[in-house]
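J.: Sending over a structure as structure tokens; questions will come in a sec.
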Amino acid sequence: MLNALLTILIIAPLAYGTTGSWAQLLVQGAVFGLLLVWALAVARGRRRAYRVPGTRLLLLLGIFLLLQCLPLPPAMLKILSPTAWRHYSEGVWLVSPGSWLPLSINPRASLLEIFQLFSGIAVYFLAVQLIDSRVALRRTLTVVVCFAGLYALLAIFYSLFPNGRILWVLHPWPPGTAQQFGTYVNGNHYAGLMGMLLPLCVAWFLVHKPQTSYSNWREQLVDFFSDPQASPHLLFGMGSLLVAVSIFISGSRGGILSCCGALLLFGLLLVLRGFDRRRGILLAVFFALLLGGVGIFGWEPIFADFARLRAVDGSLQEQRPDYWRDSGQMLADYPLAGTGVGTFADVYRGYQTVPTFGHVVDHAHNDYIEWATDNGLVGSLLLTAALLTILFTAWRQLRRRRTLMSNYLGIGCLAGLGSIALHSLTDFNLRIGANLLWFALLWGLLIAAAATRSRAGRVTSDLVPAGGRSGRIAAPAAMVLLFSFLVLRGGVCGGLLAFAPVEGVNPREIREPGQLQALLGASRQAAARDPLQADYHFAVGNLLRLSGNREEAFSSYLRALRCRPLDGEILQQTGLLLAGQGRDEAAESLLLQAAALDRMTAERLRVLGNWQLRQGRREDGVNSLRRALALEPKRTRNYLTLLILSGFSDRELRAVLPSLSGPWLDYGDYLVERGMTTAAEEVYRRSLALADGENNGSGAYHRVARYYARRKEWALALQVITEGLERRGGDASLYRAAGIYDLRSGLDLQAREAFQQALRLNPRDKWVRKQLQALNQGDVVK
């Protein structure tokens, strides 16, 4: 069974990090199946069961997480989660009064996350049960270290010779992924896994150091090539080096820092345990070799990656602190029980303060903050108590061990856990299926290293044997767990298969009734297989609405709302359907809540603004449209068209424009098309004032200068560019434009100076270099 567990763990990272539904069905199902096999073996008396540290607290945590998904009456919800109760009162309960709803904002996402956590707990439990002897411990570490080294070698080779496909022969990488490494879509998660395994590899490397003393270096050199113990020592050392080098070249800033932190913690624990100086020197040599190995591939990409953290003006170019700050308000609103495990993406949209331009913020990029917002004070205390119980139990037993193997492995496990603890400050590694399983294995190995006895005998572990009833209890529990998982995850995969014909199809473009009915049938089948997936019910509602069946469409929308009651799109479409039925008060409440719970999606505000204008509420509509336009300034002309058709005057149009240069520039272009050049120039000046406070404000100066250039007013175009240089400092593109307009104005000397400045700021600009050469020869290139 230990071989089966190790096989599952090796497959997990190779299955794209166990992030897809089919990979999760395979890997997590195999974990639960192995747990059932172990439980049946214990029930039949074929295996011994041990009491596993932290089991009771982990069981309480699992019960709490399941209770988050249990529908509760409104009165109880008001006590346990007042914020959720308020949102339900303003949304789903307006169309389904008094319906029982769970604490979790998205029960389906919570259940899937719960089973992923259960799979991790099962790996920890099985590791403690199966690694109960010295032989099992040595076999496990050998397999783990060999896998880590070979996987790192594979990842390095692929980074050197990529071809756009996963492992050269599998499917192409998903679109929009730019930091793939190994078999992970995100190199940060590869680095998170390897950061956990690196200290174990180093520990196993030190364990295999030949125990021989030498009188001089010649004897040591001869023995190195003749001693059979030196071969595995060298092999594990090379594997450790490959793992460390792969972390650095993965480009993960958090991975690099956590790797260094783990090695530092490893060395510190070695000192605290009082090991000899020679092994400390060996660790220092390993670190020097690591730096040299990274140098082979070049340090420039690593330095450049860290340099991208700051803009030219020194400000931080990183949105994660904004996510963390917004999450603090989430925690304040859901302090006791959280929003439900795995629901961060569903709730964060209502707290988001930074635009991400269509990108969904699905994680907090900090495992601690995300766990706290998902599970509140209760879940955080239970998890902390469980992990501390395991840690203190292992540490007490480890301090009694005197063998090098137990101490090195214990230190390696602690340093590996320290690595992921550091990396989790800036990423969501433990939400990745494979990384969670290996994280659980490290906890199991920590207990095994501390409890396994070094001497042979009938009793090989210091763990307390479990009672005789353990097998009779564990077997039915494992059966229920496996069956429940297969029903849930199997339904998810079945739903994906059924819904495949609907994916990517715009129903509004369909003209044949038969095709529309086929899509409706596929959507209904998907909803039957995966009844907790709101998207399928929503798709059924949309198709029924297009078919003219509004009553059944409303029922489908209602089912979707019960599955995901804070979803802005579902709330919005339900509100529009109610508006069509004349239920304006309920429609307005749903439309307002949709905009509030999906703050950075312009469509919510745009639809709300249009509806408010149709209701004659001009001021409210203007406010909503102004906020929407601030989120999608590139669609300014569409908004202007809408407002002009609604009878807005030029003065009223200005009131809608947000304080961004882009919309004002588009409005200026609109005025030019109408022949109102004086008003347009006034608007252009307003846009330049707004551009001074924007990161990409130079573009505004170029656009206004081009307006004057089209009118052959070169002096005014040059004046605009000069103002930009005075206000925005060194900008190569502005110096380039200044040189062009200087030439047009006949100012060759000033043009030469401007081009020289542009070339100094951007030495790769071949056109500017060519202009300078022509100026020096007295022959300007046109």
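Positions of Cβ are set from backbone N, Cα and C atoms, glycine also.
Whatever TrEMBL says is automated annotation, not expert-curated.
Just lifted these from TrEMBL, have a look:
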type     : residues : note
DOMAIN   : 240-383  : domain 'O-antigen ligase-related'
REPEAT   : 534-567  : repeat 'TPR'
REPEAT   : 602-635  : repeat 'TPR'
REPEAT   : 732-765  : repeat 'TPR'
TRANSMEM : 27-45    : transmembrane segment
TRANSMEM : 57-77    : transmembrane segment
TRANSMEM : 109-128  : transmembrane segment
TRANSMEM : 140-161  : transmembrane segment
TRANSMEM : 190-209  : transmembrane segment
TRANSMEM : 230-249  : transmembrane segment
TRANSMEM : 255-272  : transmembrane segment
TRANSMEM : 281-299  : transmembrane segment
TRANSMEM : 376-395  : transmembrane segment
TRANSMEM : 407-426  : transmembrane segment
TRANSMEM : 432-452  : transmembrane segment
TRANSMEM : 473-500  : transmembrane segment
J.: Looking only at residues six or more beyond either end of the repeat 'TPR' (732-765), which have a C-beta under 8 A from one in the stretch?
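T.: Contacts of the repeat 'TPR' (732-765) (Cβ under 8 Å, skipping residues fewer than 6 from its ends): 698, 701-702, 705, 709, 714-715, 717-718, 721-722, 724-725, 771-772, 775-776, 780.
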J.: So what's the average pLDDT for the repeat 'TPR' (732-765)?
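T.: In the predicted model, the repeat 'TPR' (732-765) has a mean pLDDT of 87.
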J.: Taking the transmembrane segment (255-272) as the first stretch and the transmembrane segment (376-395) as the second, find out whether 3 or more Cβ pairs fall under 8 Å, excluding pairs closer than 6 in sequence.
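T.: Judged by the Cβ rule, the two regions do not touch, with the required three close pairs absent.
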J.: Taking contact to mean three or more C-beta pairs under 8 angstroms, with sequence separation of 6 or more, is the transmembrane segment (190-209) in contact with the transmembrane segment (407-426)?
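T.: Answer yes: the transmembrane segment (190-209) meets the transmembrane segment (407-426) with 3 or more Cβ pairs below 8 Å.
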J.: Is it true that the transmembrane segment (473-500) and the transmembrane segment (140-161) have 3 or more Cβ pairs under 8 Å, skipping pairs fewer than 6 apart in sequence?
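T.: Result for the transmembrane segment (473-500) with the transmembrane segment (140-161) is no.
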J.: Do any residues of this chain, six or more beyond the ends of the transmembrane segment (376-395), have a C-beta under 8 angstroms from a C-beta of it, and if so which?
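T.: Distal contacts: 53-54, 57-58, 60-61, 64-65, 331, 334-338, 341, 410, 413, 443, 446-447, 449-450.
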J.: Under DSSP, the repeat 'TPR' (602-635) has how many residues in helix, strand and coil?
T.: 30 helix, 0 strand, 4 coil
